[in-house]
Amino acid sequence: MIYINKTTTILTTKYIKQLVLISIALLISTLLTLPRILNMLGIVDDLSDAFTPASLKDALLRFLSFAYFSWMFLQFNANTKYFYSNFPKLTRGLMTILINIALYLALIHLFFFLYSKLVGLSMPAQEKGLAYFVYFIVLLITVFIARILRYQMSLKENMIAQEALKQQSLQNELMALKNQVNPHFLFNSLNSLSALVKENKDATNFINKLSFMYRYILQSSERDLVSLEEELQFLKSYIHLIKTRYRSRFNINYNIDENLLKKEVPVLALQLLVENAVKHNEISKEHPLSICIYSDETYIIIENEIRPRKTLVAGTGNGLVNLNKRYYALKRQHISISNENNIFKVKLSLN
């Protein structure tokens, strides 16, 4: 497991290339500045007396202002705003609107200030009113273009994720064929073993939990998503096996809103995260491992204190990455990871 130093990290977020954004911004700026340039060259009639005269400084400042304004809104709406994509949908929408309005007002007033300082002219009220309108139209256009670019990127991500999921499924099927065990034989063996140790309640309980886990895995093999309630029931059986080994050195606490139990998560998602914590953290009498699983609005959260093992555990190191790929392919949501105050936290969206 790789601990991440940032407060929150969203895995595998793709961004629109800057070359694309800059090219669009320059095109918009050129189209908007062209009338002033043509007027300055005498190709079109002079502007009304209600507007400042066209000049090289005037045209250059307007061109740079429109270009920066367009790029800023393309960058924010296509890329930057996804840094807070883990917030609830309504909160994200309000934040996006407020930030766009704040940027709009800040940049247009910066343009007025620079115009008076660099061009040396005071812009008439009528021209300022037109500027507010034109910049607002540019804002709407850039937001619309940014949404299209983001939609195209999402389609591309979905296609890649689906293809990766297909390849992974094929590999899993091949692996299952190579390691195929007759389920009835295994269940019969577990039942026979349970009968042999029926005097030992702990051993019988352990075998029953193991049998339930294997049955759950088999029954879920053809399902991509299961209810949170089913996943928690399976997890509790897995936890029983872990506690049988570690006893009081391992603890887990649940605090989950019952209204969320019908929400769906990928099969074995919670078990993988608990296994990940067990695999990579010290578990001893001096430092028992405590895991908390709780809900927060529309998220299920798994967290534990970070106490790295002194000896490395063999593994691919791709558990969280693969879970994120599976989560995005099935629910169009990325998992998020945070490492703050020595607490490792993973959030899974239930939307």
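The backbone N, Cα and C atoms fix where each Cβ goes, and this holds for glycine too.
Note that the structure is a prediction, hence the values are computed from the model and not measured.
Annotated features in TrEMBL:
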type: TRANSMEM; residues: 20-39; note: transmembrane segment
type: TRANSMEM; residues: 59-76; note: transmembrane segment
type: TRANSMEM; residues: 97-118; note: transmembrane segment
type: TRANSMEM; residues: 130-149; note: transmembrane segment
type: DOMAIN; residues: 173-250; note: domain 'Signal transduction histidine kinase internal region'
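Per-stretch counts of Cβ pairs under 8 Å to the transmembrane segment (97-118) identify 59-76 as the leading one among 20-39, 59-76, 130-149. Mean pLDDT for the domain 'Signal transduction histidine kinase internal region' (173-250) in the predicted structure: 74.
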